[in-house]
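Report on the structure given below.
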Amino acid sequence: MPQLAAETSSLEEQLQGWGEVILMTDKVLRWERAWFPLALMSVVSFSFLMIYYLDPSVLSGVSCFVMFLCLADYLVPALAPRIFGSNKWTTEQQQRFHEICRNLVKSRRRIVGWWKRLFTLKEEKPKMYFMTMLFTLAVVAWIGQQVHNLFLTYLIVSFLLLFPGLNQHGIITKYIGMAKREINKLLKHKEKKNE
């Protein structure tokens, strides 16, 4: 736990200039207002329509994206205090910023843990690892062949951006519960049929 606190503190220091932007982004992603999902999907849809319309090459697209990130990295820490008024940083905002950083550190740890488990599986059960990877990658390749790259990317980005709000409002839990109930009904029905 002390290591988690140290990593969180380090991340807070690195992101300090982005504090106001991160808090505002968090509010949008968690849908604190009813119109945030619509605004979010409008921006994403417009961005993807522009990419589709302009049809840049991969090199141009990556270059423009990295250029945008560099501009944001340079301008946001300088302009955010003027736009959001950082002198109004409250204890509640600081606690929420700390919580966001802690969640980011935990997410990074989970991803690293999954990655380590994958390599542990490779060492301990190489045949299982090989079959799992082969099947998973074949399914992903098939999906990639059936669905246009840009549309698939749009769906993935949309889901990732909507996920925090869906989770915050209990929508994911609700539908997972419904799916579990339906699966249990099917299993019970199958058991009765077999008897």
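Cβ from N, Cα, C; glycine included.
Database features, via TrEMBL:
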| type | residues | note |
| --- | --- | --- |
| DOMAIN | 18-175 | domain 'RETREG1-3/ARL6IP-like N-terminal reticulon-homology' |
| TRANSMEM | 34-54 | transmembrane segment |
| TRANSMEM | 60-80 | transmembrane segment |
| TRANSMEM | 128-145 | transmembrane segment |
| TRANSMEM | 151-172 | transmembrane segment |
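If you look at the transmembrane segment (128-145), the same-chain residues 6 or more away from its ends with a CB under 8 A from one of its CBs are 118, 121-122, 152. Within the model, the domain 'RETREG1-3/ARL6IP-like N-terminal reticulon-homology' (18-175) shows a mean pLDDT value of 90, rounded to a whole number.
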